[in-house]
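According to TrEMBL:
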- 28-302: domain 'Deacetylase sirtuin-type' (DOMAIN)
- 53-72, 135-138, 244-246, 270-272, Cys288: NAD(+) binding site (BINDING)
- Tyr97, Arg100: substrate binding site (BINDING)
- His153: active site, proton acceptor (ACT_SITE)
- Cys161, Cys164, Cys202, Cys207: Zn(2+) binding site (BINDING)
Amino acid sequence: MIVHRFTCGAINTHLYAQLRKTWGIQVMARPSSDLAAFREIFSKSNNIAVITGAGVSAESGVPTFRGAGGYWRKWQAQELATPTAFAHNPSRVWEFYHYRREVMLTKNPNPAHQAIAECEERLGKQGRKVTVITQNIDELHRRAGTKNLLEIHGNLFKTRCMMCGHEEANYKSPICSALEGRGAPDPDAHDAQIPVEELPRCECRGCNGLLRPAVVWFGETLDADILSEAEKVLDSCDLCLIVGTSSVVYPAAMFAPQVAARGVPVAEFNLENTPATERFKFHFHGPCGNTLPPALARHESELENYSGKYFYKNDPSHRADLSSAK
């Protein structure tokens with residue numbers, strides 16, 4: 001799978017058609033919604049990749065900035081989340097991200113986040129692995145307890161210095177005093193026009209350079225190291241879940257179809273069909289917080305001894321452990 005040096009952006013119909021030819025993806029039969037069939041495959045999977053998008057966070061009340069209501073003031077996110085916008089008006093862009101940070105501090109992981117994190121922890125005790133590849137920048141997966149996490153679009157609570165490049169976590173609220181009380185999303189709200197020297201600044205070794213959110217903006221190249229890790233996960237997984245993603249943001253829109261192309265079962269959990277739905281083995285319609293927990297719950301083939309460690313019921317290497325736990 002080749003995913004290096006891709007830029008963030010929407011994937012158009014023509015490009016998707018060309019990629020389809022390149023991958024040699026064949027349209028499958030109508031995806032199944034048979035939970036028992038999915039659970040049987042799930043019970044035998046050792047390397048599970050979970051790709052998540054904005055739909056997961058939307059169920060926690062996080063604004064998605066998509067569709068008719070996808071505006072902050074009079075701008076769409078695509079107009080603000082760009083290097084050009086930041087260079088032209090860093091005050092406005094920081095107001096936008098300050099608003100998003102403050103909103104996120106009031107939100108909590110929902111049952112979908114929790115189901116993924118609990119599944120990762122439980123399967124980890126069996127020597128099985130769950131890795132989350134997320135397009136979200138809100139940290140809700142991490143707060144739910146997910147450990148194996150690849151944030152391909154960055155993190156809302158990290159900053160990067162425009163001068164020295166230093167990157168670090170930043171949970172200050174507000175991130176700087178000049179942004180306190182700013183960032184109202186009302187279309188009638190006026191720009192604060194904060195002087196650039198009063199915007200968030202780097203405190204590393206007295207640098208004092210202008211900070212930016214450590215997120216991937218439209219038109220920017222995704223982090224090569226993170227993409228390389230994602231590539232390894234997708235190339236080795238024996239089950240892939242795609243949860244709450246529209247499958248239209250490039251390059252993440254390629255991930256699950258490429259996995260499906262090599263014959264690996266892919267299960268989509270979403271409120272609606274996507275451009276890639278027909279290529280997947282399963283599709284579970286509805287809120288992820290409703291559909292994902294029963295899908296990832298402990299399977300009957302898993303047993304737990306008194307130490308809290310899980311084993312496969314029919315794994316002969318663990319019979320002694322199970323006998324001693326009786």
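Cβ coordinates come from backbone N, Cα and C, glycine included.
Cα spacing between Cys207 (Zn(2+) binding site) and the residue listed as 'active site, proton acceptor': 26 Å, rounded to the nearest whole number. Residue pair Gln135 (NAD(+) binding site) / His153 (active site, proton acceptor) shows a Cα separation of 5 Å. When the neighbouring Cβ atoms lying within 10 Å are counted for each of the binding-site residues (Gly61, Gly244), the highest count belongs to Gly244. Closest by Cα distance to Cys202 (Zn(2+) binding site), from the binding-site residues Tyr97, Gly244, Leu271, is Tyr97.
Between the C-alpha atoms of His153 (active site, proton acceptor) and Gly53 (NAD(+) binding site), the distance comes to 11 Å. Note: Tyr97 (substrate binding site) has non-local neighbours Leu156, Pro213, Val215, i.e. same-chain residues 6+ apart with C-beta under 8 A of its own C-beta. With the fewest other C-beta atoms within 10 Å around its C-beta, Gln135 stands out among the binding-site residues Ser57, Gln135.
Considering only the binding-site residues Gly53, Gly61, Leu271, Cys164 (Zn(2+) binding site) has Gly53 as its nearest partner by CA-CA distance.
Ranked by Cβ neighbours within 10 A across all protein chains shown, the binding-site residues Cys164, Cys207 are led by Cys207.
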